[in-house]
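Before any comments, here is the structure.
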Amino acid sequence: MEMWIKEAQIEDAAMTYKVKETLVTKKTKYQDLAILDTYFFGRMLVLDGIIQTTIKDEFVYHEMIAHIPLFTHPNPKKVLVVGGGDGGVIREVLKHPSVEKAVLCEIDGDVVEECKKYLPEISCALENPKCEVFIGDGIKYVNEHKNEFDVIIVDSTDPFGAAEGLFGGSFYEKIKECLTEDGIFIAQTETPFYLPEVVKKVFNDSKAIFKITKLFMAAIPTYPGGYWSFTIGSKKYDPENVDLSIYEDLDTKYYTKKIHKAAFVLPKYVEDLIK
Ligand code: SAM
């Protein structure tokens, strides 16, 4: 018998992947968690029926959400990742020699434990001594830490449930207070094709709070529409205006210095969305 996982981004559109084996499925305190082994994308983390990350294409998202802010800030030492329980962003953050401490604030400890067990290629850096894993609500954590982080990365699930408060508005004000005086914030901000209203709202909320706000895109096969947005809010440094020549190339599969620049070139329908 064939098994398939179906992810419905909206009521009228969905993606399906053929499943080899269900490795774990459980109801945690916050969500339905599953880790599946699929024929084409390998092992994947699924939360409340939404594909979060897969062995085959996780590198795109984790490299782009980490390296663009970390190459924009001239000397990032302390980084906070909100969400990100699979550890992929932490793995990329710790490729930067200047980083002395990377805090992961993930609300669901089961995500961390199951990803450590079944997705070691992604969660491997969670054991790094520079990484501190804090299990708790990112909203509370950010409220309780002021002027502490050079870069804050919001690597959350979609804007529903526990993650709803991580998108825009007052949370970004608190993020600004939690950042150092020249800090940079970045968030995954959904698909302009299926959720244009989310992309527009988040961009405008960030623009009202940060001196510089930019949007860039990356091509992620397992994300709805295969084309994903990231919003970056910066107190001082412009991610499009960085001298990347001073940096050594990192061990990456998607991020390059050329893609850093090119990612900010938007198609007209996305430009019009954030005008
Ligand atoms: N890194 C993956 C990717 O490539 O997109 C997915 C992101 S990670 C799995 C999303 C995490 O955000 C989930 O583990 C979820 O539990 C966590 N999360 C949701 N709301 C949160 C909150 N308020 N505070 C901290 N973590 C939260």
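From the backbone N, Cα and C atoms, a Cβ is placed for every residue, glycine too.
TrEMBL lists Asp86, Asp155, Ser156, Thr157, Asp158 as binding spermidine, and of His62, His260 the one it places in that same site is His62. In the three-state DSSP assignment, the secondary structure recorded for Glu106 (S-methyl-5'-thioadenosine binding site) is strand. Taking the C-alpha positions, the distance from Glu106 (S-methyl-5'-thioadenosine binding site) to Asp86 (spermidine binding site) comes to 9 Å.
Over the domain 'PABS' (2-235) the predicted model carries a mean pLDDT of 96. Surrounding the centroid of the Cβ atoms of Gln31, Glu106, Asp137, Gly138, where the record places S-methyl-5'-thioadenosine, the chain contributes additional residues within 8 Å, namely Tyr30, Val82, Gly83, Gly85, Cys105, Ile107, Asp108, Gly136, Ser156, Ala162, Ala163. Counting other Cβ atoms within 10 Å of each Cβ, the lowest count among the binding-site residues Asp86, Glu106, Asp137, Asp155, Asp158 belongs to Asp137.
With a cut-off of 8 Å between CB atoms and residues at least 6 apart in sequence, the same chain places Leu47, Asp48, Asp108, Thr157, Gly161, Ala162 near Gln31 (S-methyl-5'-thioadenosine binding site), listed in sequence order.
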